[in-house]
């Protein structure tokens, strides 16, 4: 990608890129709101907020991690340059784009596998309230009204962050061992925009992220949300009652104050699509 001795390079922390990143985040939230309106059954707003909160917090962490890796990678390559001309003039945008591409494609099945294994292990250790997408208590205490537990959200968020961390490590290894091929691929896709660095930032930080993130959010949301196939009377409270289809209404004869033990060793994570 284009690099000169001046300032016309792709800078991920420049004013244009920071503005575009903010706009990207706002657009992603709007897309997720639209997706919720077409759900059957539809999650309650507080439950949806918890599900999306896990993705947003995790995505912010991965986003800034990608920025940091991209910038440090560029500085390290510049520090160890051998010749005056250097063969390490790849922009920060190269590495960021490649991280983004793998995070939102190859990273999704890796994340699903990580979450599946983590939850299965924790359930075998009898951890409570870790069923993904179910934030209501597994037991009813007295006559107190049942409401989503923030502690359940925190537990599931920590599981999600650990899964993201493992996924990010796998993606980093893939890029690190296939670095030359990765940079060639980035230059093939982005090289034509070298003469317009601000436009290149717009592509890398907005256009591609919007397209890739929409795909990623859709897939990951399907993984972490509570699926209608797993509905029981104890977890149906996560959904708005007037949005159930006829074949999704849980059997009221299954009323119980405790989640059946048969689910203790079964992961609640759904399919990617």
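Quick reminder: no glycine exception, Cβ is built from N, Cα and C everywhere.
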In Swiss-Prot, is residue 185 on the same membrane side as residue 97? yes
Swiss-Prot annotation of transmembrane segment - which of the ranges 98-118, 119-139 it falls on: 98-118
Look up transmembrane segment in Swiss-Prot and report which of 73-93, 157-177 it refers to. 157-177
From 178-198, 199-219, the residue range that Swiss-Prot assigns the feature transmembrane segment: 199-219
When the topological domain 'Vacuolar' (178-198) is classified with DSSP, how many of its residues are helical, how many are strand and how many are coil? 17 helix, 0 strand, 4 coil
Outside the transmembrane segment (157-177), six or more residues from its ends: residues with CB under 8 Å to it: 53-55, 57-58, 61-62, 65, 69, 95, 98-99, 102-103, 106-107, 110-111, 114-115, 118-119, 122, 130, 132, 224
